[in-house]
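Undergrad: This is the structure, below, for whatever I ask next.
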């Protein structure tokens, strides 16, 4: 029978000093011997997705204590990618993921916690906590802060729905008036919560459902809705139940590595492909799989992308649907239900509810279960009131959206496309693969041949786009922005947004060893591996080279001979794999990250071989 980890510091005569300190935190005599559960919060006033989380930790903690556990809360950092975007702050975003994972490990192991409830929400916080959960392998439940309501404003006598990407695109368009930009800016982000589309934050919170590590509704229930409170309360109760099952009944099926199996990672990736999620999820799932000891690779993602259809098109891929609409259509359980009916998920995986995924779908899929309370749960909708308060409204749609022909979530027969919303491309420009979010690419440019225009940094690319250097037919190559080369693997939301602002959204492609925001759409290909700083062929491209992109055949190639490629490689080996004439101040902390970072095909995790 597994022994409580916390017994190390709560039991035995020689732990009198530790117990004295525990007592100073409020523990009583009868608390020693109960599971100590870490409530891992991420409240900050810097991030709208986390600004409402201040009281959530104590909400969960109170429920844990009612159920027979001892709750101890601590906080992690949280970076807002949207605020950090477009300047040097973005260099810190991806490294913060690993810092979060490490800090959770440090706190939990230093204090011998028995279990965790992870209260996350935004882009790198959920992945960082997920990596920590897989690394620590103690009972864990995720509960996120929830999505923001979609922005809405009236322009030209027409009500339109918005998100932060609309503000960025319009602001860079010289033909748009200041008054229009001001109206969009003030309306784009109306409430607390993670940005309202299927961007990275919401994609990752949805994937925790598919992995089985969070409760149904976690990825889609609005941050402002009163029903979300029950997810926090239930997480507090359920984590104590998981502790009992593991520590008292020796049931290891409740542990993260038992839940996060290869099949569970396939389920999560299949969901991501079906919903056209952020390409960043590829990076984070690969990293989490490595922490879990699961051999899940780019080749597996490529295989899944060829058979899983795209069943939903959500902002930023359309302005018709946002996360509030996904929830109305049955949320992630609705999407997984359609994948199940298509024979495309594994139903035997475990979940934190103690059920198999198949059993959970029987209970929570609105198509197969007509229970009135279930449908009421998925009718939870927006209030349209600006607020930073969680659980502040109880508005509901009149009906759920169960239209699987033309609705927000489609069935396989009526799929938006029979191939999924993400694709892996291979070729001499990316021997280890690169990623494109096909759900955001107009089918007219799924095959694209263009002329390379090369930039050694995101900043130079932005200047080139806004300065008119980038023309129709160009493939914009932004290199030395990978995990090692940046360092930090910046997101390229500004370059892709500015291409749209300049009327080039369907007339150009963009290739980078950096990554993209979940808000990116267009022919934007990222994660080119190996990256330039690791000797990848993207570092050998020259202005005027012809690049051929073929999404249907999953290919991306530089149209030069093998002899020419080899000659360029030999020349670059002599020069060194570093950007030419780039001025960038890089802190010691970022240099450490870059020194250990692997390329994106490995999840940009640390290269452990460097420690041997």
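Placement of Cβ uses the backbone N, Cα and C atoms for every residue, glycine included.
Pulled from Swiss-Prot, these are the listed features:
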| type | residues | note |
| --- | --- | --- |
| BINDING | 81, 123, 124, 491 | Mg(2+) binding site |
| BINDING | 122, 195 | [2Fe-2S] cluster binding site |
| MOD_RES | 124 | N6-carboxylysine |
| ACT_SITE | 517 | active site, proton acceptor |
Undergrad: Can you tell me which of the recorded positions 122, 195, 517 is spatially closest to residue 491 (Mg(2+) binding site)? Compare CA atoms only.
TA: 517
Undergrad: Could you list the residues of the same chain, at least six apart in sequence, whose Cβ is under 8 A from the Cβ of residue 517 (active site, proton acceptor)?
TA: 81, 82, 85, 165, 199, 200, 278, 280, 491, 492, 493
Undergrad: Which of 123, 491 (the binding-site residues) has the most other Cβ atoms within 10 Å?
TA: 123
Undergrad: For the recorded Mg(2+) site, enumerate neighbouring residues of the same chain (Cβ within 8 Å of the Cβ centroid of 81, 123, 124, 491, site residues themselves excluded), in sequence order.
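TA: After dropping the recorded site residues, what remains is 79, 84, 90, 93, 94, 122, 200, 201, 280, 517.
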Undergrad: Whole-number Å only: compute the distance from the Cα of residue 123 (Mg(2+) binding site) to the Cα of residue 195 ([2Fe-2S] cluster binding site).
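TA: Cα of residue 123 (Mg(2+) binding site) to Cα of residue 195 ([2Fe-2S] cluster binding site) measures 10 Å after rounding.
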Undergrad: Where's the emptiest Cβ shell within 10 Å among the binding-site residues 122, 195?
TA: 122
Undergrad: Taking only the Cα atoms, work out how far residue 195 ([2Fe-2S] cluster binding site) lies from residue 124 (Mg(2+) binding site), in Å, as a whole number.
TA: 14
Undergrad: I'd like the number of other C-beta atoms within 10 A of the C-beta of residue 81 (Mg(2+) binding site), please.
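TA: Neighbour count, Cβ to Cβ under the 10 Å cut-off: 27.
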Undergrad: With every protein chain in view, how many other Cβ atoms are within 10 Å of the Cβ of residue 124 (Mg(2+) binding site)?
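TA: Around residue 124 (Mg(2+) binding site), other Cβ atoms within 10 Å: 29.
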Undergrad: Using DSSP with the three-state reduction, classify residue 81 (Mg(2+) binding site) as helix, strand or coil.
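TA: Going by the DSSP assignment, residue 81 (Mg(2+) binding site) falls within a helical segment, counted as helix.
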